[in-house]
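Undergrad: According to TrEMBL, the record shows the following:
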- Asp79: active site, proton acceptor (ACT_SITE)
- Glu175: active site, proton donor (ACT_SITE)
- His80, Lys217, His257: divalent metal cation binding site (BINDING)
- 304-335: coiled coil (COILED)
Amino acid sequence: MAELGRFSFGTGDRFGKEGKAQLNAILKIQEDGIPVTPVWNKSNREHETVNTKPKSVLEEAKNAIKALNFTQDYFIDADHIDRDTVDPFLENSNFFTIDVAKFIGEQSISEDIVGFKKFFQQYLSSFNIEGIDAKIDISEADFKEMTKTFLFAMKKASEVYFYIKSKKEERFFTEVSIDEVENPQTPTELFFVLAALTFYKVPVNTIAPKFTGNFYKGIDYEGDLDQFSKEFEDDLCVLKFVKSEFDMPKELKLSVHSGSDKFSIYPIINKLIKKHDSGLHVKTAGTTWLEEAIGLAESGEEAFKFIQNLYNEALDRYEELTENYTEVLNIKKEKLPQKSAFENGAAFASALRHDQKNENYNPHFRQLMHCAYKIAGEKDEFYSLLDSCRDKIEENVTLNLYERHLKVLYSS
């Protein structure tokens with residue numbers, strides 16, 4: 001029976017070509033003595049953008065594990081699904097990330113509120129959670145406010161979970177995502193959410209809360225590191241508490257979304273999961289596409305001209321490419337390189353590669369290129385170049401995930 005394990009890592013891959021390179025990164029961290037389970041994740045929006053089907057993710061994973069003789073557990077994550085989008089993922093996924101952000105704030109029916117209040121009654125008081133300095137103090141007013149905010153959304157998560165369960169005979173793992181909302185959840189609110197999931201009988205394995213600060217696409221975390229540290233540690237303490245308080249899966253752990261490239265918080269996360277003997281799941285996706293772009297830039301004149309022309313087109317299509325990402329981008333247009341600004345592939349790669357010690361690194365350029373994968377997916381030449389430039393691309397993909405992500409997150 002497949003197990004997610006203490007540490008797992010989401011190896012999202014826009015175009016389905018880097019499974020082997022990603023798995024090589026996993027093998028490298030395992031060679032360091034740290035078991036990490038690979039989870040290939042892809043959302044419905046990503047599939048629609050590049051015209052792929054959920055089955056392709058499973059095929060990619062199978063090809064990678066066969067090529068590298070990988071015999072351990074792995075997962076296929078139907079990322080950010082809901083009841084409207086889950087059906088195409090059912091056959092080929094064994095991990096489902098249920099996104100209920102759009103239901104947060106919707107009102108529950110009175111019957112559900114009454115039933116949940118009976119379940120929750122003993123917590124309408126002050127109590128301690130080990131590791132959190134302040135008492136958890138839930139008044140009637142707090143309960144009403146949290147019920148209004150979260151209860152209906154957790155019921156919708158339950159509906160999706162039981163729909164999946166009715167369609168799949170084999171075991172699957174469940175994540176609930178509440179990160180794409182305006183405000184981070186307090187420890188009390190996270191406790192309430194997990195209590196509601198227990199009430200609705202959702203055996204959640206990973207939970208993705210919203211953290212303070214900005215998790216912009218493709219670049220480092222922006223925010224108060226001390227505040228992030230406090231929130232992350234408090235959340236770890238809440239999870240430890242609910243696993244003993246409720247009938248929660250032993251694997252229950254935090255999941256960090258938009259987790260790639262957030263290098264400044266990785267040492268904090270590493271320290272805290274070791275301190276609390278906690279698990280961790282981190283999702284990545286766009287960072288691998290950016291390494292493909294870097295690999296193309298470094299693979300000769302033809303590939304460099306292609307990727308530079310792709311960037312030129314991204315400038316022309318700026319509004320279209322960024323319209324779905326406005327909340328998770330911080331691009332200053334005046335700091336974007338002009339069209340055909342790069343003399344050669346090395347200059348292009350130097351500006352795009354996420355190396356903050358390099359004075360040529362341009363986070364604004366990197367964010368726009370993150371969104372420009374849509375253009376790449378439209379071009380047959382791109383797929384041909386992905387095949388012909390394998391060596392340099394795979395070198396970059398593996399190094400990025402292993403050196404910049406996995407080692408810093410999980411190593412001792």
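Even glycines carry a Cβ here, placed using N, Cα and C.
Here the structure is a predicted model, which means the values were calculated and not measured.
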Undergrad: Tell me which residues of the chain lie with their Cβ under 8 angstroms from that of Lys217 (divalent metal cation binding site), as long as they are six or more apart in sequence?
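TA: In sequence order, the residues whose Cβ lies under 8 Å from that of Lys217 (divalent metal cation binding site) (at least 6 apart) are Ser258, Gly286, Tyr325, Val328, Leu329, Gln367, His370, Cys371.
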Undergrad: Show, in sequence order, which residues other than His80, Lys217, His257 on the same chain lie with their Cβ within 8 Å of the centre of the Cβ atoms of the divalent metal cation site.
TA: Ser43, Asp79, Asp179, Glu180, Phe215, Ser258, Lys283, Ala285, Val328
Undergrad: Validating a neighbour-count step here. Other CB atoms within 10 A of the CB of the residue listed as 'active site, proton donor': how many?
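TA: Excluding its own Cβ, the number within 10 Å is 28.
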Undergrad: Out of His80, His257, give me whichever of these binding-site residues has the highest number of other Cβ atoms within 10 Å.
TA: His257
Undergrad: Give the number of CB atoms, excluding that of the residue listed as 'active site, proton acceptor' itself, located within 10 Å of its CB.
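TA: Other Cβ atoms found within 10 Å: 28.
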Undergrad: Can you give me the Cα-Cα distance between the residue listed as 'active site, proton donor' and the residue listed as 'active site, proton acceptor' in Å, rounded to a whole number?
TA: 9
Undergrad: Across the coiled coil (304-335), what does the mean pLDDT come to, as a whole number?
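TA: Mean pLDDT across the coiled coil (304-335) comes out at 98.
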Undergrad: Given the residue listed as 'active site, proton acceptor' and His257 (divalent metal cation binding site), what distance in Å do their CA atoms have, once rounded to a whole number?
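TA: The residue listed as 'active site, proton acceptor' and His257 (divalent metal cation binding site) have their Cα atoms 11 Å apart.
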